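Colleague: Submitted below is the structure of interest, expressed as structure tokens.
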Amino acid sequence: MLKHVAAALLLATAMPVVAQSPAPAAAPAPAARSIAATPPKLIVAISVDQFSADLFSEYRQYYTGGLKRLTSEGAVFPRGYQSHAATETCPGHSTILTGSRPSRTGIIANNWFDLDAKREDKNLYCAEDESQPGSSSDKYEASPLHLKVPTLGGRMKAANPATRVVSVAGKDRAAIMMGGATADQVWWLGGPQGYVSYKGVAPTPLVTQVNQAFAQRLAQPNPGFELPAQCVSKDFPVQAGNRTVGTGRFARDAGDYKGFRISPEQDAMTLAFAAAAIENMQLGKQAQTDIISIGLSATDYVGHTFGTEGTESCIQVDRLDTELGAFFDKLDKDGIDYVVVLTADHGGHDLPERHRMNAMPMEQRVDMALTPKALNATIAEKAGLPGKKVIWSDGPSGDIYYDKGLTAAQRARVETEALKYLRAHPQVQTVFTKAEIAATPSPSGPPESWSLIQEARASFYPSRSGDLLLLLKPRVMSIPEQAVMGSVATHGSPWDTDRRVPILFWRKGMQHFEQPLGVETVDILPSLAALIKLPVPKDQIDGRCLDLVAGKDDSCAGQ
């Protein structure tokens, strides 16, 4: 079995990149059946990092592979929402398979401050165990410790210990937040060495084979991808600081790990790993239902590095469609009865420099005065505490924490001056205090109609959230203009460009329908749980079951 898996991996990863042809179109579906007639044997949950609803819809007419299958044969919710304010990778992934918003998962951001942490670095990473000696937010031991609720896989395993729960991803936080604390296997791309897991977890024979295949792929240069016809109009240079973006093809030298990671090659490797894991572990081939979650991280790396509207992002989506098609075809060939859900952890926003070229002259980069060091100096001066550390934050938006060394009187002055200064700043939409957010009821109703403070409440976890929450205005990119640019674009805002994501369900033979009204990613868990007849108490989650049966039947009946 392992030799067969290894051969398949090498075939998938060693083909000349520019010569790969699109996956064949899926065979015509048989007569429609109810998606809920019998429980599927395998749940395949896919997150495409930074796959915004805008990016999904922009190229929808060009899909020929896996995305075409999902959009033409499945249940399509093009207006899904990561409904909270802090639209970052870790909080977003924490919602997908828990049915819970960050206010319940405890994952309020990628990083937050714990000023009582027993180490010098008070900035905590969402997927670390900060109690480990010598750890920091940059050099950490990965852990699901901070996730406060079970995932779908965890609930399935609690109901039936025979259930296999596997999670693979490009990023550790994607694999960990979707897999949960009790997953059987959790793997992520840890660097040039390949896929890794938690400290002390040795590679299985399969993972060793996967990493050998990865090493062989990495050792080959990539001459670049051909430019699809739909990408030709995107092919023009855009200057952002010292960076020029917009015309890339993902060419890289042999051994260039960074180039591999920021390209469609990464997702192709992760999907090859997932397919090999399904075959090797015989997922979906036993009496119980198994689950595999797959975090495809390349779209996010591409979006940050090049923006969302150049050739780079266009090629990335085209390749994603092709690779997903090949992955689904492999599962079909193996005769597995599987259900797919595909969504994203958040959306994204293109770089202001290209927006200004394309009818949006008001697009801006954030004022350097709002960056952490500058903001602390300003507030300290205004509060009569020049040179003192008065606030902690890690960006020009998001949570702000008061220093623990302030007296009550100093803290009051700092809050007064911070609110006065920030609320008067032309790039700031609003600033909420912790008390204001805490007093707001947990939101309900259509996510597209929520107010900003309701979005903030969905991101709020009292023991982790800051004393203030700073939200920038729309069309203000939270990366300042600099002579030397790292990332040129990002996400994380409370606006719909970052909140809206597609949510797509598919199972062989189901009747296609599309529902354009807003739903939430927290609705995914109860919807899948209903298909496998897994009871989930409604008071333990924030989502609702989505009926995936077109017409009068109801896949949520009995939930």
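Any Cβ shown, glycine's included, is placed from N, Cα and C.
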Colleague: Per Swiss-Prot, which of Asn110, Asn111, Asn222, Asn242 sits in the substrate site along with Lys171, Asp172, Arg173?
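Modeller: Checking Asn110, Asn111, Asn222, Asn242 against Swiss-Prot: the substrate site match is Asn110.
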Colleague: Starting from the Zn(2+) 1 binding annotation in Swiss-Prot that includes Asp49, Asp345, His346, which of Thr89, Thr305, Thr308 is the extra site residue?
Modeller: Thr89
Colleague: With reference to Swiss-Prot, specify which of the listed residues Cys126, Cys314 is paired with Cys231 by a disulfide.
Modeller: Cys314
Colleague: If you count, for each of the disulfide-bonded residues Cys90, Cys126, Cys314, Cys556, the other Cβ atoms lying within 10 Å of its Cβ, which residue has the minimum?
Modeller: Cys556
Colleague: For Cys545 (disulfide bond), what residues in its own chain, 6 or more apart in sequence, show a Cβ-Cβ distance under 8 Å?
Modeller: Asp523, Pro526, Ser527, Ala529, Ala530, Ser555, Cys556, Gln559
Colleague: Excluding Asp300, His304, His491 themselves, which residues in that chain have a Cβ inside 8 Å of the centre of the Cβ atoms defining the Zn(2+) 2 site?
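Modeller: Nearby residues not in the site list: Asp49, Gln50, Thr89, Tyr301, Gly303, His346, Gly348, Ser487, Ala489, Thr490.
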Colleague: Please work out the number of neighbouring Cβ atoms within 10 Å of the Cβ of Lys171 (substrate binding site), leaving out its own Cβ.
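Modeller: A 10 Å sphere around the Cβ of Lys171 (substrate binding site) contains 24 other Cβ atoms.
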Colleague: Pick from Asp49, Asp172, Asp300, Asp345: which of these binding-site residues has the biggest number of other Cβ atoms within 10 Å of its Cβ?
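Modeller: Of the binding-site residues Asp49, Asp172, Asp300, Asp345, the most buried by Cβ count within 10 Å is Asp345.
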Colleague: Going by C-alpha positions, which of the recorded positions (Asp49, Cys126, His304, His346) is nearest Lys171 (substrate binding site)?
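Modeller: Closest recorded candidate to Lys171 (substrate binding site) by Cα: Asp49.
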